[in-house]
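Working notes for the structure below.
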């Protein structure tokens, strides 16, 4: 595998916790899912500690920090509460995301261009505790350029519009937006990741884009795991990604 064909899989385990929280039980354990994902080939584990604590809890994050063999990618809103928690936990990676209580899932990218100083301050605080920061943004040149200006070393391009496209033409246009976003981000010296809405039937065109470092995928893997088991679900996704990246 060359640098050009290398691609990483970050497995988001939020929805293992969603199932647990639905009944207020101690199972299924997202930490167990994370360890299984690592054994199946995951390159990192992503968790989003939301303001309303609808799935992942602080205890999960603390336990993951202690036991992961790979690395944690801590998704968080840009709030004082979350920044203080991240400074305590010191995750290897942090991803700043927009957040609204009423949304089912993150609906769009962070408006970096509209709040550059606020994001710059957050990036500096996280970097000071050794956390590599990425910004979850739409594949919009204005947002990508702003991300570079505020000092973030990485971005994660929101692939939701590609994933939700209702016809092949729309999907092709959205995929091209992602391609152009990757190229612009790389030209500005950014590490470029991507994610949101990716599943077993749409991941390959994104994984085949030259310059993408990592894909973060959760819901599709957790759903598929109901039928094949968590390790198998992770292994199948990683295999699809590697096969697509090999064709770059």
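For all residues, glycine too, the Cβ spot is worked out from N, Cα and C.
Feature annotation from Swiss-Prot assigns 3-amino-2-oxopropyl phosphate binding site to 12, 23, 197, 218, 219; the stated evidence is sequence analysis. As annotated by Swiss-Prot, 1-deoxy-D-xylulose 5-phosphate binding site applies to 14, 15, 50, 55, 105, with the evidence given as sequence analysis. Annotated active site, proton acceptor per Swiss-Prot: 48, 75, in sequence order. What Swiss-Prot lists as site 'Transition state stabilizer' is 156. Residues or ranges marked as active site, proton donor in Swiss-Prot: 196.
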Can you tell which of 55, 196, 219 has the least company, meaning the fewest other C-beta atoms within 10 angstroms of its C-beta, among these recorded positions? 219
Near residue 48 (active site, proton acceptor), which of the recorded positions 14, 23, 75 can be found within 10 Å, Cα to Cα? 14, 75
Taking the Cβ of each of the recorded positions and counting other Cβ atoms inside 10 Å, which one has the highest number: 14, 75, 156? 156
Give the distance between the Cα atoms of residue 23 (3-amino-2-oxopropyl phosphate binding site) and residue 55 (1-deoxy-D-xylulose 5-phosphate binding site), rounded to the nearest whole Å. 11
Densest Cβ environment (other Cβ within 10 Å) across the recorded positions 15, 23, 48 belongs to 48
Starting from each candidate's C-beta and looking 10 angstroms out, tell me which of the binding-site residues 197, 218 has the most other C-beta atoms. 218
Same-chain residues at least 6 apart in sequence with Cβ under 8 Å of the Cβ of residue 12 (3-amino-2-oxopropyl phosphate binding site), in sequence order, are 45, 46, 47, 48, 195, 216, 217, 218, 219, 221
Using Cα coordinates, what distance in whole Å links residue 15 (1-deoxy-D-xylulose 5-phosphate binding site) and residue 197 (3-amino-2-oxopropyl phosphate binding site)? 13
Of the recorded positions 14, 50, 55, 75, 156, the one whose Cα sits nearest to the Cα of residue 196 (active site, proton donor) is 156
For a quick check of packing: other C-beta atoms within 10 Å of the C-beta of residue 50 (1-deoxy-D-xylulose 5-phosphate binding site), how many? 19
Considering each pair of residues in 12, 23, 197, 218, 219, all listed as binding 3-amino-2-oxopropyl phosphate, report the largest CA to CA distance in Å, no decimals. 25
Where does residue 55 (1-deoxy-D-xylulose 5-phosphate binding site) sit in the DSSP three-state scheme? coil
